[in-house]
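S.K.: Quick one: the structure is below, questions incoming.
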Amino acid sequence: MEEEVVEVMKKSSRASPAMSSTTHVHSPSMVDSAPKTPKSPFATRFMNTPLASPMKKAFENIHGYLEEVGRFTKLDRQDAWLPITESRKGNAYYAAFHILSSGIGFQALVLPLAFTNLGWIWGIICLCGAFMWQLYTLWLLIQLHESESGVRHSRYLKLAMAAFGEKLGKLLALFPIMYLSGGTCVTLIMIGGGTMKIFFQIVCGEGCTLSPLSTTEWYLVFTCTAILLAQLPNLNSIAGVSLIGAITAVAYCALIWIVSMVKGTLPHVSYDPPKGPSKFTSTFCVCNALGIIAFAFRGHNLVLEIQGTMPSDAQQPSRLAMWRGCMFAYLIIALCLFPLAIGGYWAYGNSIPPDQGMLSALYKFHQHDTSKLIIALTSMLVVINSLSSFQIYAMPVFDNLESRYTIKKNRPCPRWLRVALRGFFGCLAFFIAVALPFLRSLAGLIGGIALPITLAYPCFMWVEIKKPKIYSINWCLNWTLGILGMVLSLMVVTGAIWSIVAQGIKFHFFNPQ
């Protein structure tokens, strides 16, 4: 009888699989003939004892934690081979060092120039507004670093491609990012090499018997030193260099504005904004001033890269430590930039030299009534900070060059090739600095093109990725700031073009002054 039942059930299972999945026949013969499932290693007498239950629970917790981490962050094998993400042992202190070293630089020294066209009230208002604006977009980038799918966007270009699509993301972000990295390195060679020359002249004195080096030779000395420092393997390994750069940046900013304010205002100082021959002239001057303020808060192209050096898991996501480091760093940056801009304008008014701003003003107006030790120390601090900033701004270029090799060969970049690539970039930056010494005159134009990286794109990327409710406060705020950032970029570019046309540029190739 049992055999007939089994035969009937087999036929019915072939005819109706759905029925077989829900019908159960408890037959001793079927139970005996079914294959036996191997027992779990936990299903032993020992593991069922009260002593083993805590161990069993711990194993289950570890398994659940590993699954949660796996869902939270997905690692790319390429990241372990590239200099930005090769080491993920960073922390909030390292992040603060990197941000301070890159956030305070030569762009801060020309901030008082913006006040000459905006005046006291509008200058302070625009400076405060730009600071809060860029701090908000910085927060957006930090939050967007880790996506809900677990992917970490450790490069600004990758985030732009994820938000806008591969083609549009490259079109919008590739050139500004490469300019903010490579172009800044070229400018640092010009400033660092030129300041080295001034430092030598101050230390050697007027009766020096040593034959001075030319400007090109000083550029070469700076470049060789920068290439040697660039042999540190990855972004996390230059944390000590960034610490030195941060200390020197804070020190020379403090020295410059303190000396300027102690010496007092210049005789017959004027704070009246210059009147142009027409309203268009005044408008374009205001656009240039806004560009100077906005360009002082660059560096957002490095934020995601810095955050990519940090470890991250479900309990301690990297955005927490990154935001702590950023808040500390930008507190120090504010304490440097605001006194430098306000104190510099108070001391010099409209007499601030347009080239290097406060540094040139210190040499021009206080070279004879200030100790040579202070002026030489300030020059040396500027050189050291320029060398430190070169390393962090060049790192995205190094990462991009090495990624071409790792993607093609599917293996890490060998040491000799890494040295060769970094040496090649240093030599290329040196060649551009010597061949195009007028490049700094175009900084306003190219800086206006790169301005959306800081003020506009983060807002648009937040809307595209997070998709806030339409017409909500979050949606309206980000769209408004994004559009304003694009309009400001257009105004800065227009003002820079007008300045070039009205004042002209001396195109002297291969002749740095």
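Just so you know, glycine gets a Cβ as well, placed from its N, Cα and C.
The following feature annotations were taken from TrEMBL:
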| type | residues | note |
| --- | --- | --- |
| REGION | 1-36 | region 'Disordered' |
| COMPBIAS | 14-26 | compositional bias 'Polar residues' |
| DOMAIN | 89-498 | domain 'Amino acid transporter transmembrane' |
| TRANSMEM | 92-114 | transmembrane segment |
| TRANSMEM | 120-142 | transmembrane segment |
| TRANSMEM | 171-191 | transmembrane segment |
| TRANSMEM | 218-235 | transmembrane segment |
| TRANSMEM | 242-260 | transmembrane segment |
| TRANSMEM | 280-297 | transmembrane segment |
| TRANSMEM | 328-348 | transmembrane segment |
| TRANSMEM | 373-398 | transmembrane segment |
| TRANSMEM | 419-439 | transmembrane segment |
| TRANSMEM | 445-463 | transmembrane segment |
| TRANSMEM | 475-501 | transmembrane segment |
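Mind running through what each feature is packed against?
M.R.: Sequence-remote contacts of a segment are chain residues at least 6 beyond its ends whose Cβ falls under 8 Å from one of its Cβ atoms, and for the transmembrane segment (92-114) they are 123, 126-127, 187-188, 191, 235-236, 239, 241-243, 245-246, 249-250, 253, 256, 289-290, 292-293, 295-299, 302-303, 306-307, 309-310, 321-322, 324-326, 328-330, 332-333, 336-337, 340-341, 344-345, 348, 352, 354, 356-359, 385-386, 388-389, 392-393.
For the transmembrane segment (120-142), the list of distant contacts is 111, 114, 156, 159, 271, 289-290, 293-294, 296-297, 300, 303-304, 307, 319, 322-323, 326, 330, 334, 337-338, 341-342, 345, 454-455, 458-459, 461-462, 478, 481: same-chain residues at least six beyond its ends, Cβ to Cβ under 8 Å.
Within the chain, the transmembrane segment (242-260) has long-range Cβ neighbours (under 8 A, six or more residues past its boundaries) at 94, 96-98, 100-102, 104-105, 108-109, 332, 336-337, 339-340, 343-344, 347-348, 358-359, 361-362, 366, 370, 374, 377-378, 381-382, 384-385, 387-389, 391-392.
Counting residues 6+ beyond its ends, the transmembrane segment (280-297) has Cβ neighbours under 8 Å at 103, 107-108, 110-111, 113-118, 123, 126-127, 130-131, 134, 273-274, 337, 443-444, 447-448, 451, 454-455, 488, 491-492, 494-496, 498-499, 502 in the same chain.
Counting residues 6+ beyond its ends, the transmembrane segment (373-398) has Cβ neighbours under 8 Å at 83-84, 98, 101-102, 104-106, 155-156, 177-178, 180-182, 184-185, 188-189, 191-192, 195-196, 198-199, 202-203, 222, 225-226, 229-230, 232, 235, 238, 241-242, 244-246, 248-249, 251-252, 255-256, 259, 301-302, 305, 359, 362-363, 366-367, 418, 421-422, 425-426 in the same chain.
Residues 182-183, 185-187, 189-190, 193, 216, 219-220, 223-224, 226-227, 230-231, 394, 397-398, 401-402, 413, 505-513 of the same chain lie 6+ residues outside the transmembrane segment (419-439) yet bring a C-beta within less than 8 angstroms of a C-beta in it.
Tertiary neighbourhood of the transmembrane segment (445-463): same-chain residues 133-134, 137-138, 140-141, 143-144, 156, 159-160, 163-164, 172-173, 175-177, 179-180, 183, 291, 294-295, 297-301, 475, 477-479, 481-486, 488-493, 495-497, 500, selected by CB-CB distance under 8 Å and a gap of 6+ residues from either end.
Proximity of distant same-chain residues to the transmembrane segment (475-501), defined by a Cβ-Cβ separation under 8 Å and at least 6 residues beyond the stretch ends, is recorded for 133, 136-137, 140, 280-281, 283-288, 290-291, 294, 441-442, 444-445, 447-449, 451-452, 454-457, 459-460, 462-463, 468-469.
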S.K.: Take the transmembrane segment (218-235) and find every residue of the same chain, 6 or more past its ends, with a Cβ under 8 Å from one of its Cβ atoms.
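M.R.: Tertiary neighbours of the transmembrane segment (218-235) are 83-84, 86-87, 98, 185, 188-190, 192-194, 196-197, 200, 241, 305-306, 308-309, 383, 386-387, 390-392, 394-395, 398, 418-419, 422-423, 426-427, 429-430, 433-434, 512.
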